[in-house]
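Asks: Feature annotation from TrEMBL assigns domain 'CBS' to B:140-201, B:204-260. As annotated by TrEMBL, transmembrane segment applies to B:286-306, B:318-339, B:360-381, B:387-413, B:425-444.
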Number of protein chains: 2
Amino acid sequence: MQSYELNKTDVSNIKKALKGDDAYLSVLLSEYHASEIAILFESLKMDDRERILNLLDVKIASDVISEMHEETHPEELLLQMHPEKRTEIVEELDYDDATDIISQLEEHEQKEILGDLNEDDATHIRKLLTYDEDTAGGLMNTEYISIQLHLSKKEAIEEIIRQSEAIEEFYTIFVVNKDHVFKGIVSLKDIIKSRGDIQITGLLKTDVAWVRPETDREEVARLISQYNITSIPVLDHENRLLGRVTFDDVIDVMEEVNTEDILKISGVSEDEELSGNWVEAVKSRLPWLIINLGTAFLASAVVRSFEPTIAKIAVLSAYMTIIAGMGGNAATQALAVTVRRISLYDLTDKQAYRTVLKEFTVGLINGAVTGLIVFVFAIIFDANAMLGVIIFLAMTGNLLIAGVTGAGIPLVLKRVGIDPAIASSIIITTFTDVFGFMLLLGLASKLLL
Amino acid sequence: MQSYELNKTDVSNIKKALKGDDAYLSVLLSEYHASEIAILFESLKMDDRERILNLLDVKIASDVISEMHEETHPEELLLQMHPEKRTEIVEELDYDDATDIISQLEEHEQKEILGDLNEDDATHIRKLLTYDEDTAGGLMNTEYISIQLHLSKKEAIEEIIRQSEAIEEFYTIFVVNKDHVFKGIVSLKDIIKSRGDIQITGLLKTDVAWVRPETDREEVARLISQYNITSIPVLDHENRLLGRVTFDDVIDVMEEVNTEDILKISGVSEDEELSGNWVEAVKSRLPWLIINLGTAFLASAVVRSFEPTIAKIAVLSAYMTIIAGMGGNAATQALAVTVRRISLYDLTDKQAYRTVLKEFTVGLINGAVTGLIVFVFAIIFDANAMLGVIIFLAMTGNLLIAGVTGAGIPLVLKRVGIDPAIASSIIITTFTDVFGFMLLLGLASKLLL
């Protein structure tokens, strides 16, 4: 749906060209955008990636490196390259992108790369490396356009043109005083539109959002999204301008955060790389499965305590699977809705209370309806009305607990400052399993024996 | 972490002021940004929202309306307002925002609102209402800056200034020929930087992404994210410029799509409103629970067919809960990683095959490790080595199936053009339940009786 697109034919053409000489490969590659070559890299071997990067103009090569997904490890590609070419590429990168990539390397590797750079670039990147990657400092770029408050329109335009030689993209012009303290923003459009040679002070917008370098990256994303701004200034504690975070970084953050949420809620470590190998996957998931095993032993202990009942009425074990399955799924439903709601909105205490009440009602109704179906089934297939009543009560009670815990546990976690998404299905289904079995088997022991 | 922020004290202060007179309330409100008032509205009643909107300047009021989250129903608020005020607000809205809101109303309500508008605005909005809201047409704004190819630098700047009177924010200047056919983009910066009075043709960037009005909104988001652009042009089939989609719309789309993914994977209808009431929640979730009940009957039929075995060895039912719980969770893990990976990357056939192979290996290892733990447990607590061996085999086999189906089913769905996220935990756990019980109870019948 656009003028150029990387499809399977493109990929296989380039793969074929990789078997031939550099001249033809170069010509072929010149037809693609850097971000497309970055996508192509996902299906190429490291040596082929290196060869392609060497063929590209250094400007394009650095764009490719910065567009490569974290999971395809641009830092390893850089490390493998000839130091001279590597230095050229790193010097061409935006500081924030260079920092992101270099931060993935071992300290001695970082030193090696930084040692080759010109002093100015190395200093900027060293400074950025000190910030936590989950903060505004870790996201920010130290290249931006900033002009002094007292400039005239003519001086301002000259200054912007001068600074924009080094900065390819800018969306907002930051205004500072002589101590580099942030004073507000102006837009290029407003400067040009203004009549006469007025001072920048007269065009200043001061009512703008800003962040500190230690502000959490999710908060940065929330502000950029809330105020629909292309970039947000990062200020130190004396309000001096340190850098800016731009909307494209925020889009990347949102994708990462959403991946983490889906993984956490499903009992997968948030650090698992989606395209990682089986070793990483086992490392990420086995600990959660062992926790789950612990909680499963708990549920099985409940069952064990009713062993004599089951020995007499073995069909109960068939109903147990229904109770456990339904409770787990109803809890996962309540959990998903609540976790997502917490991550998009700040809930007041009253709203939190109402949410639990709502899930209580939903659980009660869904439990009663599905319980009724199973009741009818028990009468038809087991010709046992009392068994049907027990199943009905167990199903209703279990789905009610599923709703209350599915909504309540993430809300409580949020309140005490723990990430609500770790209330994964693994934790929640323990409650429904234990409670559901107690209800079903307890009632059966009392009423059927 | 910014100069102004809506906290609990603000909300309660405004709520207090709502009990008093308009004068004080107005002064208080003037301290807040439109997007903050939109957030405040989430905890206010409809009448209070209307009162506040009436007090605000029409410019701010329309910003509040456009910033209100879909789930707080700005269209109902508009409908409730006095027609005169309402018309003022709608005329002030951007066309895309007005269209989004009006599209939520019944046809006769739409007609009423559109009938009050000036003819120009009504025509624009009527046109936009014809596009599906899940497409570029549904997202696009028909207000943008466009200049003719043949203009000189001086004419271009004058034209941009003239057009920017009506358009508050623009990031890119679109260039068209005399038939309004899209030719490329220029940046204001490049126009200003250019020396002498050159023609726009000389500054044109033609190598840019664009979409058709029917392009899916997720594809639009992917392009804006991939090329780091602030806006993308929407072209009709003769390549005439229809409008633009901007990055802030894409951020909203990403949030919605991610919510839908989390809900679908957890067996909740993607249309459920996170803050909807219990009636909506029951409507959205009960159908899935009934599907789940069907699959649970399937698993319970397997158990039922082994009733005599369970009657003799009732402790098997305690192990059944462990097998079912572990299989379900391992499958959910594989599912979450795979669904998320599919939604972020285009996987080749080879990569898809490798993914299933990886999950096979992960399932085998995680199954063997956790199976070994349960084996030791069975020897200690049930003093039955054969039972231990059976559990070990059932656990390993079940987690292997969990991995293969958790990864394989969404990949197959994607291949045949079905949204992979509907391969929810509900569907996947059927496989692990049925297969796990067959393995455990089948082996037990053969080897323990």
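Every residue, even glycine, has its Cβ placed from backbone N, Cα and C.
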Asks: Summarise the model confidence on the domain 'CBS' (B:204-260) as a single mean pLDDT, whole number.
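Replies: Across the residues of the domain 'CBS' (B:204-260) the model's pLDDT averages 90 on the 0 to 100 scale.
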Asks: With the transmembrane segment (B:318-339) as the reference, which stretch in B:286-306, B:360-381, B:387-413, B:425-444 has the largest tally of C-beta pairs below 8 Å?
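Replies: It is B:387-413 that shares the most Cβ pairs under 8 Å with the transmembrane segment (B:318-339).
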Asks: Report the listed stretch (B:286-306, B:360-381, B:387-413) having the maximum count of Cβ pairs within less than 8 Å of the transmembrane segment (B:425-444).
Replies: B:387-413
Asks: Tell me the residue counts in helix, strand and coil for the domain 'CBS' (B:140-201), as DSSP assigns them.
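Replies: Looking at the domain 'CBS' (B:140-201) with DSSP, the answer is 19 helix, 16 strand, 27 coil.
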Asks: Could you give the number of helix, strand and coil residues in the domain 'CBS' (B:204-260) as assigned by DSSP?
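Replies: Helix/strand/coil tally for the domain 'CBS' (B:204-260): 25 helix, 15 strand, 17 coil.
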